[in-house]
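A quick write-up on the structure given underneath.
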Amino acid sequence: MVDYHGANNQSLYSAGEQQTYMEQENDWDRDLLLDPAWEKQQRKTFTAWCNSHLRKAGTQIENIEEDFRDGLKLMLLLEVISGERLPKPERGKMRVHKINNVNKALDFIASKGVKLVSIGAEEIVDGNAKMTLGMIWTIILRFAIQDISVEGTSAKEGLLLWCQRKTAPYKNVNVQNFHISWKDGLAFNALIHRHRPELIDYDKLRKDDPVTNLNNAFEVAERYLDIPKMLDAEDIVNTARPDEKAIMTYVSSFYHAFSGAQKAETAANRICKVLAVNQENEHLMEDYEKLASDLLEWIRRTIPWLENRAPEKTMTEMQQKLEDFRDYRRVHKPPKVQEKCQLEINFNTLQTKLRLSNRPAFMPSEGRMVSDINGAWHKLEGAEKGYEEWLLNEIRRLERLDHLAEKFRQKAAIHESWTDGKETMLTQKDYETATLSEIKALLKKHEAFESDLAAHQDRVEQIAAIAQELNELDYYDSPSVNARCQKICEQWDALGSLTQNRRESLERTEKQLESIDELYLEYAKRAAPFNNWMEGAMEDLQDMFIVHNIEEIQGLITAHDQFKSTLPEANKEREAIQAIQAEVQKIAQYNGIKLAGNNPYTTITPQSIDKKWEKVQQLVPQRDQALQEELARQQSNDHLRRQFANQANMIGPWIQNKMEEIGRISIEMNGTLEDQLTHLRQYEQSIIEYKPNIDQLEGDHQLIQEALIFDNKYTSYTMEHLRVGWEQLLTTIARTINEIENQILTRDAKGISQEQLHEYRTSFNHFDKDHSGVLQAEEFKACLISLGYDVENNKQKRTGIMDSDDFRALLISTGTAWNVGDAEFARIMGIVDPNNSGAVTFQAFIDFMSRETTDTDTADQVIASFKILAGDKNYITAEELRRELPPDQAEYCIARMAPYTGPDAVPGALDYMSFSTALYGESDL
């Protein structure tokens, strides 16, 4: 039901107006009260009206003239409808006690500016129906009708105008008074349908069925609007002219019911707005926490993989690791770069929305700050760079190891082939039965062997050096290499000892032996070094090589050409050696000498020399082909270097220029914020459209890595530098667009004009001397001062700069209660720079300039709205929240409101005050 407390505390009329109006209303035709129909209607209406208020106090009346005779319920009625305490009633049963109580009630009515005409306490105590009804009508006029005001009219006229305005759109309804106009019941139904259309199907009502119409309106009002049934349909239909006062009383209940509902709707709308903002912010906070957790978890899982330096044994395994790393670069990391950028954008947008809605700043949970994410990302990139460098170095090491291992096997095989049978030869006792000539031959043969042994000393040293290098480079098969090298060295030492022992044996028998044939000796001496030279040549021609650029392969080709130039001289030496052997045969044949086998001084036969020479002739073109193929490969590598360098030398300056242009665009202000946002998005699109060039460069870089190219003299740019620059470019344009979007949010929410934004931006840019996009503390202070006026001369200074006194005067003159001293400036810096970084962003600068003059919802306003929904109680129930708010927001409040524990608490009471203050934080109180 309607609460008249507020209406009674402040009257809309002056004392004189109230007295005149009440005198007119009290000047009624009391003889008409004797009309049974009217008296019946007034009794029924006034009784129902009184009971609608007395039930709040837990009581009611049955007979209006009898139940008010002792004055007790009359005083209680006045207390309920006024909200004030009357003097303590007298509880005696004597007539004097009843008169005193009624007088207290009449005195209270008179204190409200009501002039009672011919109504005395004795008449009420005596049960005078006429006077009692008149007194109740006076109360109804004062507390239910008098304060109604519509478009400058008041009381009865205001109530009538309200009815006319509300029922004007409805057919068959023409409210001109408070009697005949209401007989058909359509006006009552129209009032209900206008405010609660879901309760009445107005189109089904008929003007010729007033009883049905009236009963429908009265039942709906009692059931859904808490308006008690004050009349029966027959009371109105069966009377030629219904009682005006009864109808006015009934209609006033409709006015107050719908007026209170409108206030409740307004309060509910305000609460819905505040709760919607809070729910959206909580959703953004949850999204940030989840995205931050997922990104940090991905970084946590990825860094150990990048820090794993376990080497592999083979080149194939290391190549697979390199391919896995490329897959990480191409597939796994780019989405995470985008997530990181989006995370920063969401965080800035959330903070802007919280500032605009006057909420406390969002503090992510521990370890999920933007700075924490940036730190983890920096650590990830450091691990990534170190892992790539390790991979490339490890591949170089394995390539070098494979080359050395093959070279070791070749030299070891050649040496082992040469030493095969040498120990048996050195330990034989053939000199014991040989002739003198044979002994001399054996001695010369041994000398040739010693020469051969000395020639092989260098190869043994090379084998040992290669084995040592393989050990130092941690070759995986080092044990077998070491065992083979150890065996070769031990065998070499044994050959040295055996050679020395045989020489001593031959020298002991030298005196007994004849000189051997000089030709054999000359053959042996010349054949041995030539044979050695051929073996060395074959070894060199079959030696593996590894080069990294064109200059190195050209050096090998030049050395090979020089070697080929020596072949004619070598062929002459071969022919000379073969001529010696031919001469031996000629002499033997000429002298009829029967040769006893091969040359006693050497095992090198003419056939072996010819065979090795043919082998050298075969290896030379093969070496030519291998060198030319390597030259072609190096030329291809050089082409790849130039191809990558040409693209990199174009993309690198392009990225730098774009970064500088974005910096310049963010400083300059051309057009509206929407124009700038459109321009930046077009600019961002043009950057994104450049992505195929980056992808092409990535493809060139992959080809270079697959070709095992590790240097590039044609450019100073590396793929890592360009990749980081590209990611920074994308992040910078996204942050710049987000800053403009936040400025638009601030402008729309704070009501800042385009000219003000232009002035703010111009001043900000003027003092941003280093174009860093932020102001240091002194720059910020000078920028604030520059936006003011010279208070002394009331005009703008020529320099555009104010000193500190001028700035204080400006703030005072604009109505801002600021004392711009050191302490005040420190407070301002605490607002615009809560992190104490010493720098002020443009967004923080705009927030500060606009926040003091912007109207925003406060905790007090939300508390006042809840108080209206609660019917002026200090608590609210779940049933009231579900009735006044949308279901989702009602349940949101119920879930978060604490139980109310005040002295007037009832079961199920909820504390809406602490809930409202918590929405804004303690700083709002």
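The backbone N, Cα and C atoms fix where each Cβ goes, and this holds for glycine too.
Taken straight from TrEMBL:
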type	residues	note
DOMAIN	40-144	domain 'Calponin-homology (CH)'
DOMAIN	153-259	domain 'Calponin-homology (CH)'
COILED	439-473	coiled coil
DOMAIN	755-790	domain 'EF-hand'
DOMAIN	820-855	domain 'EF-hand'
Secondary structure tally of the domain 'EF-hand' (820-855) (DSSP, helix then strand then coil): 21 helix, 3 strand, 12 coil
Residues of the domain 'Calponin-homology (CH)' (153-259) by DSSP state, where helix covers H, G and I: 68 helix, 2 strand, 37 coil
Tally of DSSP helical, extended and coil residues in the domain 'EF-hand' (755-790): 23 helix, 4 strand, 9 coil
Counts of helix, strand and coil residues, the domain 'Calponin-homology (CH)' (40-144), according to DSSP: 71 helix, 0 strand, 34 coil
